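Per TrEMBL, the features are as follows:
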- 2-80: domain 'Threonine synthase N-terminal' (DOMAIN)
- 93-336: domain 'Tryptophan synthase beta chain-like PALP' (DOMAIN)
- Lys112: N6-(pyridoxal phosphate)lysine (MOD_RES)
Amino acid sequence: MKYVSTRGTAPELSFEEAMLTGLARDGGLYVPAEVPTLSRDDIASLAGQSYEQVAFTVMRPFIGEEFSDRELSACIRHAYAGFGHAVRAPLVQLGANHFLLELFHGPTLAFKDFAMQLIGQLFQAALEKRGQKVTIVGATSGDTGSAAIEAFRGLDNVDVFILFPDGRVSDVQRRQMTTPVEGNVHALAVDGDFDDCQARLKDMFNHFEFRDAVGLAGVNSINWARVLAQVVYYFTSAVALGAPHREVSFTVPTGNFGDIFAGYIAKQMGLPIRDLVIATNQNDILHRTLETGAYTKAGVTPSISPSMDIQVSSNFERALFDAYGRDGAVVAEQMAELAGGGFTISQGAIDFLRGVFKSGRASEHETMETIKETWEATGEVICPHTAVGVKVANEHLSDVPMITLATAHPAKFPDAVKKACGRDAALPPRMSDLFDREERVTRVPNDLTALETLILNERRA
Ligand SMILES: *Cc1c(COP(=O)(O)O)cnc(C)c1O
């Protein structure tokens, strides 16, 4: 299996190379040269299998010879062993034809664990064979950083440094980053905001001397291996509700477009998905784009679903690549225009996108109302991101089952839940001592040299 860049000029890479590289050298994102398919019989045979077995069948054709069957199985097994639910991604019924897919039973209580836990195992296996070590540096507004720290803690060939804006993440999110005891993970509280953290990270990647000295690597949401890991739960949930004999639809709370793009891949592989619905909060660039055909930046307004507060949606480029018939030159041109504020999508390409995706948005008020109404109608307490999905899904119900992705545990966002339902969302028992654990955090100035010096001194390799 070969991977090509969405901008058409970077070298083709294997799965392992694409995973270790992240962003392509031409600034594009890696996608499979062609998407493998599963037959109707293949899909039917997934019924009744464990999450891990389905994960193997779905991901195997995308992963080259660099991982043997045995290695891949072991990575999958270790990745999901720490989840708090035996089926990993259970379904809960909300209405006659509406289901929630609970993706928050991983160690940091958000769906990012599905991809991050697996990528941690795959990185370690690949680096061990190559005799390499890397330093992963990431910037986070909360969920990504804690998922990365949980995934890479204790791994021999990886050091992890996560930059987060001091005082601007929730207590649960901060404690998830600062309480792991392993020496290879470091939570750095930056004297600045999230944009400062991201800017310093970008500076490090552009400082080639430092980049090479520490073997800098990134695991942000454009990494293809993360998208691939997320394809699996589309299969497990659809099959549980009758696929391939019955169609299903999905609604996905969306920010950077990684999770919903995984659904698009599942559909291309042959899973009978009728509708793929994008649900955005008030930061609605994706919904506006589908409505108007213009992809235009509009600044970010902070919301109660902060993991979806984005100005531009990085993985959207992958869908655009297909919409333009895989013409990397056109994608590169449009992305260049984005620097000036936005671009207009051609009629053919927007028709393609509207054929694949539907969309909707939820205001802050609608999000709060949905948390309250869902709690009153079903007794299910949902997080604000999930509520954005449920609100939009309710506008797209049909005669096939609708599956809304529940992307985070309500206890991660206790303030919104308390305000909407008047009750506390409790942490799961395995995490109930989070607030008793000792924190370990380094405060750092918003300064490139200071950050680089700290990383050079603290990493083990
Ligand atoms: C990251 C995140 C999202 C958005 O996912 P994308 O793949 O960026 O679209 C939604 N909900 C939660 C809780 C998240 O952490």
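Using the three backbone atoms N, Cα and C, a Cβ is placed for every residue, glycine included.
For the domain 'Threonine synthase N-terminal' (2-80), the model's pLDDT averages out at 95.
Broken down with DSSP, the domain 'Threonine synthase N-terminal' (2-80) shows 36 helix, 7 strand, 36 coil. If you draw a 10 Å sphere around the CB of the residue listed as 'N6-(pyridoxal phosphate)lysine', it holds 29 other CB atoms from the protein chains shown.
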